[in-house]
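Feature annotation from TrEMBL assigns divalent metal cation binding site to His109, His113, Tyr130, Asp294. For Tyr130, Val131, Ser132, Gly133, Gly134, Asp162, Gly177, Glu181, Asn266, the entry in TrEMBL reads substrate binding site. Sequence annotations record features per position, and here TrEMBL assigns domain 'Gcp-like' to 29-300.
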Amino acid sequence: MPAVLGFEGSANKVGVGVVRDGKVLANPRRTYVTPPGTGFLPGDTARHHRAVILDLLREALTEAGLTSHDIDCIAYTKGPGMGAPLVSVAIVARTVAQLWNKPLLGVNHCIGHIEMGRLITGATSPTVLYVSGGNTQVIAYSERRYRIFGETIDIAVGNCLDRFARVLKISNDPSPGYNIEQMAKRGKKLVELPYTVKGMDVSFSGILSFIEDVAQRMLATGECTPEDLCFSLQETVFAMLVEITERAMAHCGSQEALIVGGVGCNLRLQEMMETMCQERGAKLFATDERFCIDNGAMIAHAGWEMFQAGHRTPIRDSGITQRYRTDEVEVTWRD
């Protein structure tokens, strides 16, 4: 029964998880939170991760009731993500692997989300909507690859929401996306916004530019409220995501949809996806904030799958890559 320790730190979340044979034994996490109206810079985020990661390691081992001798493999996020945070966490993972004399595994962040979603929900072969601050993709498995059927051609949906939150000076605690979701529940008016779907792909930069340009004027003249803008932005971008997911499901003949990534916690997105799935006679799978937000356990579980399939990452290849596409990884642990 191998036990795998996983390190995640590709953006403003840093986590250490322990997974043994499909059971999450520990999954502590910390978030780097910046003031309202600001984002998080790579250097500052990396400093935050370095300051807390050893405490998280101790916390994870204590929670799991394990010692270094019980760990069979060390997994870490190889990419994609922000360079400095990725490096700060990879160095710790590499050091721990050498100190403990354990094999090392570099994990694709996106595949970590997918495999964790499949584990927690029990979905077998779903069409995956992967939505986060850095990625927006519609994915399905075929012939040892997670194939990307559609994606954003510019910025990710989570990045669009985060940058909109800065316009309205919405708090980043616990996250701008969560606070937009709560404000949207009080919205009454749907403001017409650009809707850009291009085949299987989506574009969010135009809608962001438009709302950045008109928001303050519309609020100053009383045309709408901040809550109306939050509601309108959510409804528009989520409708775009539902459309391309449904198109991919039709193409694949899929009867399962799985939402993963931090934006996947949004209950309104889940509700819209559920409506679409019901109309197709399909089933929706989603997780809560414990597992859809970046966490160490998802890297540990993907690492466990790779470890069981015989994968290893030599120390000389244990760097990071900010651009690491989902379909670059040969998925040898399925079929």
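Backbone N, Cα and C define each Cβ position, glycine as well.
Unlike curated entries, TrEMBL annotations are predicted automatically.
Mapped onto this structure are the features recorded in TrEMBL.
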residue: His109; record: divalent metal cation binding site; CB count, 10 Å: 27
residue: His113; record: divalent metal cation binding site; CB count, 10 Å: 32
residue: Tyr130; record: divalent metal cation binding site; CB count, 10 Å: 26
residue: Ser132; record: substrate binding site; CB count, 10 Å: 25
residue: Gly134; record: substrate binding site; CB count, 10 Å: 19
residue: Gly177; record: substrate binding site; CB count, 10 Å: 25
residue: Asn266; record: substrate binding site; CB count, 10 Å: 25
residue: Asp294; record: divalent metal cation binding site; CB count, 10 Å: 27
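The separation of Gly134 (substrate binding site) from His109 (divalent metal cation binding site), Cα to Cα, is 11 Å. Ranking the binding-site residues Ser132, Gly134, Gly177, Asn266 by Cα distance from Asp294 (divalent metal cation binding site) puts Ser132 first. Counting only the Cα atoms, the space from His113 (divalent metal cation binding site) to Gly134 (substrate binding site) is about 13 angstrom. Other residues of the chain with a Cβ within 8 Å of the Cβ centroid of His109, His113, Tyr130, Asp294, the divalent metal cation site, are Ser10, Cys110, Gly112, Ile114, Ser132, Asn135, Val260, Gly261, Gly262, Met298. With Tyr130, Val131, Ser132, Gly133, Gly134, Asp162, Gly177, Glu181, Asn266 listed as the residues that bind substrate, the site has a largest C-alpha separation of 18 Å. For the domain 'Gcp-like' (29-300), the model's average pLDDT works out to 97.
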